[in-house]
């Protein structure tokens, strides 16, 4: 089992690099150059290829080996990073990202989304039911570690590390990962799709996916469980910047510090699952704690709006704000590991020929539930005001707690 987990850890780590680059580095860089919250939030529209994974997931299920798909998509990611090294970063005074850079980032997300389908196919087929807790812990932790290295880590290093060398380093990392995927013996042993599996009529695909036991409830849960957390989490660091927090401090705390806590939370979630905790009861307890943590953040925002409140160094308010970022990420890490375990368990109930497509359906809905609030948070904050917007996200974070009472018995 350890060989499987080590392989998955390396591959999921490089898969997290594009997300960290665009979720942590670019928003703070653009906000520091004077872009509005709306413009910063709308750059997350570059994630749209992730929402179209169902377009090529059936191809991964029915055409070729998962190893080939994984290797080719990873090589393509390295090529895109090599092209990004040619272009300079956004400069002060620009209204937004240059068109060429937006196109390359869109291609980066396309390659990462194809890689994601192939890698999830590998994980679903490699892991035994008793290995799901450990496997999903490795998946979430490695992905977040890659995101932290490409996000908060680069924010800290950005003043001294040039843009071209940054993307050349990323390109070399991808090509090394592609070689690892191609040479791994475990991936070469994965079964190819059978002829009967390749000819399944596409018109019945969605019907077959929804017929898998527990799919409808799981789809609804993964679509809603991050709505409040993600919206508040994308807005809170930017509001702290508006109240005087520096970009370097946010890079340290919102990037590396918070991501470290998120990884710790995911590891704790995996350890609890390995000790025979059931995912759904664990989710109920942690979601309630997450709701309380978000309520504390909202109270802190109200306090910062009062005369005399500040985030100056040495103040209790400053420490509380940064610690709240870490606590929220810690609880979110536990929630994510438990949720991905439920998703993979549900997908393993599907026929082998549908497992990659089924998991891609759930993962697409999970991503949509994170992208929508993250993309619209700036628009809502500019239109409604940050306090009312944050209160709406607090209410949304309570919905998955109610949803757990409707969970089907085959997932408990």
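Cβ atoms here come from the backbone N, Cα and C positions, even for glycine.
The model shown is predicted, which means the values in this text are computed figures rather than measured ones.
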Which one of 19-38, 39-58, 99-118 shows up in TrEMBL as transmembrane segment? 99-118
Range annotated as transmembrane segment - as stated in TrEMBL, picked from 223-243, 286-306, 349-369: 286-306
Is the count of Cβ pairs under 8 Å between the transmembrane segment (165-184) and the transmembrane segment (68-87), pairs 6 or more apart in sequence, 3 or more? yes
Chain residues outside the transmembrane segment (250-274) and at least six past its termini with a C-beta under 8 angstroms from it: 24, 28, 132-134, 136-138, 140-141, 144-145, 147-148, 151-153, 155-156, 237, 240-241, 282, 286, 322, 325-338, 341
Same-chain residues near the transmembrane segment (321-344), Cβ under 8 Å, at least 6 residues beyond its ends: 123-124, 127, 132-133, 135-137, 139-140, 144, 218, 221-222, 225-226, 229, 232-233, 236-237, 240, 245, 249, 253-254, 257-270, 272-273, 279-280, 282-283, 286-287, 289-290, 293-294, 296-297, 300, 311, 359, 362-363, 366, 411
